[in-house]
Amino acid sequence: MTTMLKGIAASSGVAVAKAYLLVQPDLSFETKTIADTANEEARLDAALATSQSELQLIKDKAVTTLGEEAASVFDAHMMVLADPDMTAQIKAVINDKKVNAESALKEVTDMFIGIFEGMTDNAYMQERAADIKDVTKRVLAHLLGVKLPSPALIDEEVIIVAEDLTPSDTAQLDKKFVKAFVTNIGGRTSHSAIMARTLEIPAVLGTNNITELVSEGQLLAVSGLTGEVILDPSTEQQSEFHKAGEAYAAQKAEWAALKDAETVTADGRHYELAANIGTPKDVEGVNDNGAEAIGLYRTEFLYMDAQDFPTEDDQYEAYKAVLEGMNGKPVVVRTMDIGGDKTLPYFDLPKEMNPFLGWRALRISLSTAGDGMFRTQLRALLRASVHGQLRIMFPMVALVTEFRAAKKIYDEEKAKLIAEGVPVADGIEVGIMIEIPAAAMLADQFAKEVDFFSIGTNDLIQYTMAADRMNEQVSYLYQPYNPSILRLINNVIKAAHAEGKWAGMCGEMAGDQTAVPLLMGMGLDEFSMSATSVLQTRSLMKRLDSKKMEELSSKALSECATMEEVIALVEEYTK
């Protein structure tokens, strides 16, 4: 029987394929007394060998998607599997206690995990504990004969169904086989959504319970355009979805013709369309989609994909590659934004009641613990500045004094490099992200000291509305077009322009087709979005009149009380 679910349309596109459930299996087992210890040893050896082969395959695929350094985590996992001491201890438990391989494996690995986790002053050993946990799950799954999901090993067309997708999950996805994904939780601004748009994979998020309704291999039809997911679609419904997919492909072909065109409105006004990236590999997509700049380079992925703090030289090479890849076009680099939901296995973050409101981003950089990291990153950026048009911005700034402190460290490192005879570019612009309401309200004072603003709407909206963007129960409060949000944004843009500075936006709102006309009217200078949204936004801007959009935004700011009123007004002015 056909069932239809409605979720959040998070990444455009249409797909019809079999479901691949990316859910953790039940790995519970009973401890059994056994007589044939040789057979248990053989079962263990077979599970270890199969796990080793799987991890090698996963690593080989991860090298192509993540790069050699990031994929090295799988080397650590394979070293655990190949550890003769651990294997010998597991076999000793099998023989001494006459228990099944599952029980012996758990006893020995739990012992090692406990020892390593107890070394609180040794980040390397704590990281090994995490490796053992991951490897134990894989070996246990093979002993129990249950499937452990491995996205990297998918070799047929599927639609991923999951509670949510982690950065490591999405990094393993092969677009050739993964045609879409659907999750229980998440929204348009969640990591899963952003990655889906970057990879150009259709996605529907926030369905609440799809993992409970779908079985492995069940046929699904997914529309990232409407947010619809159909379980067991009829032949007629499959045909409708295929037609919708063809229509969307034709639309994309029309947009592709604008790749080398200027972003100019119907009345001749130019706006800068930029793209957001997470790794140097993303630059190719930026250029393929005709972006005029990079408005946000999320450098924290350099840290998250490494096994230890990236060195100054490692970072220099990454920043150099991005700047050279953009051939002189502007690149805005955000200094590391660690904390919140972005953790590092080799850097201890405190357990906090509200990590998104806690010790993160620039707050870490300005601390004693983060000072060395921050200076290393700034030195690498300054060294790379000679390879392109670099702009630097600091995230999570609430106070003018925070910006001054960060700028002071920047100036100190710049002076040191120059004294060492290291070339540094002239005229590097240094700005801040506006993502905290306090900074948005005080934009007029910040504008006197910074070179530019980049509005980070993903956090600005959730902080202003006091609504966790990942919490489905309060998702109705996450309103990009709420008049309160629009007034904050307008305040920031006007404050920048009053001091002769420029204002950009790097949140997902910058590529939102309802928000773009409003932002044009407010005078936003740079729109930075997922690279795959650039051409669609250029197409929209080319048919709009900037003067008319000024009327629209003025009316929305002065007359609208609700998000619904704003949306209706945009529809009236853009139809």
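Even glycines carry a Cβ here, placed using N, Cα and C.
Taken from Swiss-Prot, the feature active site, tele-phosphohistidine intermediate applies to H191. Counting every protein chain shown, 18 other Cβ atoms lie within 10 Å of the Cβ of H191 (active site, tele-phosphohistidine intermediate).
In the three-state DSSP scheme, C506 (active site, proton donor) is classed as coil. The active site, proton donor annotation in Swiss-Prot covers C506.
Every protein chain considered, the tally of other Cβ atoms within 10 Å of the Cβ of R469 (phosphoenolpyruvate binding site) stands at 19. Annotated phosphoenolpyruvate binding site per Swiss-Prot: R298, R334, N458, D459, R469, in sequence order.
DSSP classifies E435 (Mg(2+) binding site) as coil under the three-state reduction. For E435 (Mg(2+) binding site), applying a Cβ distance below 8 Å and a minimum sequence separation of six or more within one chain yields P395, M396, I455, G456, T457, N458, D459, L460, Y463, G507. The Mg(2+) binding site feature in Swiss-Prot is assigned to E435, D459; the stated evidence is similarity to another entry.
H191 (active site, tele-phosphohistidine intermediate) sits 14 Å from C506 (active site, proton donor), taking the Cα positions as reference.
Neighbour list (C506 (active site, proton donor), Cβ cut-off 8 Å, at least 6 residues apart, same chain): A274, N276, G295, L296, V332, M433, S454, I455, G456, S528, M529. If you draw a 10 Å sphere around the CB of N458 (phosphoenolpyruvate binding site), it holds 21 other CB atoms from the protein chains shown.
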